[in-house]
Amino acid sequence: MSSKRQRSESSESEAEEASNSQCQTRSRSRSVVHSHSKRARRSQTEEINAFPDNISEEDEEVENEEIVAEGIENTRLKKKSATGATAESGVIESIELVNFMCHKFLKVPFGPKINFIIGHNGSGKSAILTGITVCLGGKANVTNRASNLKSLIREGSNVAQITIKLRNRGEDAFNQDIYGDSIIIERRISSDGSNKYKIKTHDGKKTVSEKREELNAILDHMAIQVDNPINVLSQDTARQFLHSSSAEDKYKFFMKGTQLTQLSEDYELIRESIETTQNIIKYKKEVVPELLKEAKEAEERYKDMQKARELELNVASFKNQMAWAQVEEKEQEVIEAERNSQRAMRRLPNLQAKLDEEETEFDEINTVVLDLEQKYHDLTNLSINPLKERKNELNSLIRDKTRQLNELKACLKQDVEKHQQRIDEETQKLKDVNRQK
């Protein structure tokens, strides 16, 4: 009984060790088929993008065969040269488990090639493989250890965390300028059912992304498939495959493990893309004459629009010139008005002097009149008719002189006001023109 139990424990340990070994050496176990699939996808995509107008289906098939053959040969030579070498990318350097399954805290560094993990039953060997699967995006049911992720949290804890450090060196490195020589993938699982990823740089100080799409891109670039039994083989899957699987299941296992299924799907997708592209090219060739006609009409319309645009620019230029001409004309009018005002101002002192003289003469006449009136009273017995006539003449002269003085004052005042009003109007027009500009 004891011997049988020891054999069972040994078988379980070997299965787990083989699974971990396969997970660590997945970069070195990339198949020629997968490389061929990636090269074929790239080649077909490049061919579609550079699809010429006059290519025939026969030439296309020959070119595709040459590209595929070249891809297979390059992959074979590359794999042959890399045989026995240590993978520079896609290798798990270490894993850290915190409150995950039976482990409160466990950190396991891995070697560059094969790693063996040994221990008693229930010591947590399978938890390491489960942590690798879960951290790299696998679902809980894939591990055959739990139906949901929160069941993997250690009893008594609310949060579990798995951290994996992937090697990221060499020519196959993924965004090495961003991540560095290693990529740290961290997955945090909460008891409320939520979980999130953090993808960090080699030193863990900077989080580059928290999106599942970035993790998928990394896994696709490094050819890591946690649901592929060639990469991760659990005990239950190995037991089921060896003891209870049918020939059909084994064939499906082989197709999935060698990625021939994926290659077939990719090939079908590429074929559909080529057919779609050929139909599009055929349709485009049919509508090219009409498009050329429309392009010619559009070109003519464009030329007309350019001419209209030039006319608009000329009109705008002429408007500016007209505005400046009006400004210049108004400036000349203002200058002329200022000159007239200055002339009027120069005449004003002379007129004022003349006015003063007339007022003085008026005062003298008034004095004469007063003297005559006094003489009149003194000479009451004399004949007054000549004096009255003289008085009337003097009064008439005084009225005339007074009227002339008043008219002269009014005329001068009107001239001054008129020139001042014109100066104000021209000044306001200049301000309006400058404001409009």
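Using the three backbone atoms N, Cα and C, a Cβ is placed for every residue, glycine included.
Noted in TrEMBL for the protein shown:
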type	residues	note
REGION	1-63	region 'Disordered'
COMPBIAS	1-10	compositional bias 'Basic and acidic residues'
COMPBIAS	27-42	compositional bias 'Basic residues'
DOMAIN	94-306	domain 'Rad50/SbcC-type AAA'
REGION	416-437	region 'Disordered'
Exercise. Which bits of the chain, at least 6 residues beyond where the region 'Disordered' (416-437) starts or stops, bring a Cβ under 8 A of a Cβ in it?
Worked result: 323, 326-327, 330-331, 333-334, 337-338, 340-341, 344, 348
For this session: State the mean pLDDT for the domain 'Rad50/SbcC-type AAA' (94-306).
Result: 86
Exercise. When the region 'Disordered' (416-437) is classified with DSSP, how many of its residues are helical, how many are strand and how many are coil?
Worked result: 21 helix, 0 strand, 1 coil
